[in-house]
Amino acid sequence: MASHLRQLASEATKKVTGLVKRIDIPLTAQSPAGLVQAHYVDPWEKSGKYALGWTYFAVALMLSVFLVRLWHFWQDKIRQAMYKQQLEEHYKNLYNVDAAYVMAAMRTGQAQQFFPEGENGDEKGFRPKENMSSVTIVNDVLALFRWVFYRPIPDFTWGKRRITFSSLAVLTCVLIATVFVTLYCFLKSPLYWQSIQFGSPPLAIRAGMIAVAMTPWIIATSMKANIVTIMIGIGPERLNVFHRWLAYICLFLALVHTVPFYVQPVWDDGGMKVFQRLFPGGSGIIYGTGIACLVPLIWLCVASLPWIRRIAYEAFVLLHIPVAMVYIGVLFWHTKNFLMSWGYLYASIGIWVVCYLMRYFKLNWLKPWRLAFMVGDEAAITLMSENAIKITIPTQMRWKPGQYVYLRMPGISFLDNHPFTIASLCSDDFPSEYGEQYRDCVLVFKPYAGFTRKVLNTTQPSRRGRSTRIEHFWMGHMAVCAAICQPLTLAFWLLGAVVSPP
């Protein structure tokens, strides 16, 4: 057994050594000038720096957003504390029984007296004072940023088609990232060695390493229960825009990685002899592992284009995650852990697993201390006018204004889940008929296709205005409201939108 393991280890070492020699050819006294250039100008063994460069860029961008969020959180806490202190002082002085204070306060209109003295005797309501808790320069910079980047870009109409753009802030981030990776790949010379015998083209190695390093960020921005959201406070529905753009940039880098191997192919300039000597008994398909990675990536990006996704949305949802898993799997096969590339792939899988665990812990039917454990909550579906649907779920979950839930109804569709914004208030003043521990989570929507159409078909049209009970109703996780709610005198929350008085 031990000898067999040693033999396997020896064969694996020989194969890895041969693969390394395929790209990192050792120098000798008779080495040509082109090979010497390949070892000293941009050596292959140090090409991992390009993957680290993208990682540092993404971390710096996320850190800047985190610092802005931390600044707002600190300012909000200070304002809330000062607001509370001023309110307590106001009512303390308002009902002060000290005669000297009351006589002085009547002239300023701050006392509850029937016959105040002086001209300003009208009762004044509480009005918070201006405070110096914030830095004016920082507030001005943030306000200027919002004024520039929060403006919506007008839609572009071409015939019957309407093209909608992302926000200017998203497009700016995407532009910066695209310029960064493009310059990082093309700015440094040379882009090719004198011969393919001296190693893979530097341009291909740079683009490939950046594309591999981008994979964890593509996974991280795609999750519904998102660790990036916890850090920077941007909801997963907004991070999904970055998920799509990062995938497009990754496809661009994958093509930049592929093209140099056809511009300077391995079968030219004697490279095929070296290739056959180092890869004996291969699959017979040159660049086979690279093509195996490129095909699922192209499908993921092309199928996610809005006008294609709308044609077959159900098929896209069904195949998107399995194809992504295939892409990650063939990346292991293609990269062979060169330049610590598997570290980025392990990070991608780790992020994927952690986010799924976070999501499962948010499921309503996986909490043993609730009656919905392994069963789910019951729901009442009411068909309203114009085929609008109202779903009422008595639940022990708690929510805040603007939050939404992912719903899964096994009796209607076992695999489908759909996000809905909560249209009811979670308050102790509005307990459910199920008991004081329950609150009625109300969802109102207009059915179109897919999951919502299945809900409509389940409800009998003849029962319009009456409720249909669905047993074993499962509720998915709630998205955390990213915005920090400041004290307001009055606010109306409707389906995730807030309208507040000035």
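Each residue, glycine too, has its Cβ placed from N, Cα and C.
Here TrEMBL flags 367-481 as domain 'FAD-binding FR-type'. Residues annotated as transmembrane segment in TrEMBL: 54-74, 168-187, 207-233, 245-264, 284-308, 315-335, 341-361, 473-495.
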Averaged pLDDT score, the domain 'FAD-binding FR-type' (367-481): 73
Intrachain residues whose Cβ lies under 8 Å of the transmembrane segment (245-264), provided they are six or more past its termini: 166, 170, 174, 177-178, 181, 185, 191-193, 196, 200-201, 203-205, 207-208, 210-211, 214-215, 217-218, 221, 287, 290, 293-294, 297-298, 300-301, 304
Contacting positions for the transmembrane segment (315-335) when only residues 6+ beyond its ends and CB under 8 Å are counted: 212, 215, 289-290, 292-293, 296-297, 299-300, 303-304, 309, 341-342, 345, 348-349, 415
Remote residues contacting the transmembrane segment (284-308) - C-beta distance under 8 A, at least 6 residues beyond either end: 161, 244, 247-248, 250-251, 254-255, 257-258, 261, 266-267, 275, 316, 319-320, 323-324, 326-327, 330-331, 333-334
Spatial neighbours of the transmembrane segment (341-361) far in sequence, C-beta under 8 Å, 6+ residues away: 51, 209, 212-213, 215-216, 218-220, 223-227, 328, 331-332, 335, 476-477
